[in-house]
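Notes follow the structure.
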Amino acid sequence: MTARSVALALGFLVPSLTLAVDAPAAPPTFAEQVKGSFARWDRDHDGTLSREEIDHAVSDPKVKGPEAAAVVALKRAMRSKTAKLPPLTQDATTQFAAAKPAKDQPDLNAMYASALTKITKANRELFAKGTPNLDDLNQGKLGDCFCLAPLGSMVCRDPKDVVKMIRQQKDGSFLVKLGTKDIAVPAPTDAELALTASAGADGLWVNVYEKAIGLVRLEKAKSEGTEKASLIDLLGKGGSAGTMIEVVTGHAIVRFSCKYAKEAATTEKEREAKLVELRKLLTETFAASRLVTCGTATGVTTPGVNGNHAYAVTGYDAKTDEIGLWNPHGQNFTPKGTPGLEHGYPTKDGRFRVPLAQFVRTFAGVAFETPAQVK
């Protein structure tokens, strides 16, 4: 065969190979996925999806990819305090999704797309970068800042402590050490991954930790006779970050209240004495490498600072008298004016610093890990 004939043959071959490679199929729409999976979700075959049936699908490891994303959309809609959902028959669900979302009503298609993206991009390694960091950690839509704040404090203290806390087993499950107990944790399902926090390319460590906390709460709910609550709902119920320090470490906490700073009757001498007390607690606790969290109440007006929210305390700088904080939402924020109570504080990946005298005027209180064992 001449060189020319070979070239001609290759010229015809390459286009034919290109045409033979099919473009990846587009994922089904939310409505298509509902139609294809409804009968499987409807476990009692009554034609209507119940909260319990959606919760079962969320926890089912066989529900993956687009199907899991559709379940997540329905779960988020059910959890909405403002949603007015019809009875979730197949037709009513697809019709609700087809209509333009009314104000304060869930957009099932957008929720589905968001969940599918999160599921598709999830890194399934436990610690993809060897040790965890907070740069890519984002709380997401679930209100479980109370358990993420102590985790953030632990990552800042020593990320290797988190690696020691979460151990993968040969069968793909995990053991998570909370206090003195090892909690057996099945691998998070696709739906659970989409509903809980995200560490981006950093791996599954935060999702496994959240599931461990959810399982602890689920066991407690069962012992109290309220076992119908789901793991996700119990995580999203909220709680005390200080109490969670006790769960995670097995150590008791002491609390410092900032209530005095909001009371007009507090004298300047009393204010300064309380600041001296707080500085001492911060200095001693960080010197001992213990965990610290804090929280806000409702009614916070400082831009970039969330009300009714838990934060990790990442450090204290005695030279500048500033406290370091991490917001589990992991957001960035730039003040529109001089940093302070009026305009907020420069924030990168959830991290920011606040002068201590301003901190006590905004935050509700601080929880400090102690060396004492929880009784």
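Heads up, residue numbers simply count up from 1 along the chain you see.
Every residue gets a Cβ built from N, Cα and C, even glycine.
Taken from TrEMBL as is:
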SIGNAL    1-20  signal peptide
DOMAIN    29-64  domain 'EF-hand'
DOMAIN    118-368  domain 'Calpain catalytic'
ACT_SITE  Cys145  active site
ACT_SITE  His309  active site
ACT_SITE  Asn327  active site
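Structure with TrEMBL features highlighted.
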{"residue": "Cys145", "record": "active site", "Cβ within 10 Å": "25"}
{"residue": "His309", "record": "active site", "Cβ within 10 Å": "24"}
{"residue": "Asn327", "record": "active site", "Cβ within 10 Å": "25"}
Count up the helix, strand and coil residues in the domain 'EF-hand' (29-64) according to DSSP, in that order. 21 helix, 0 strand, 15 coil
Just the number: how many Å between the Cα atoms of Cys145 (active site) and Asn327 (active site)? 8
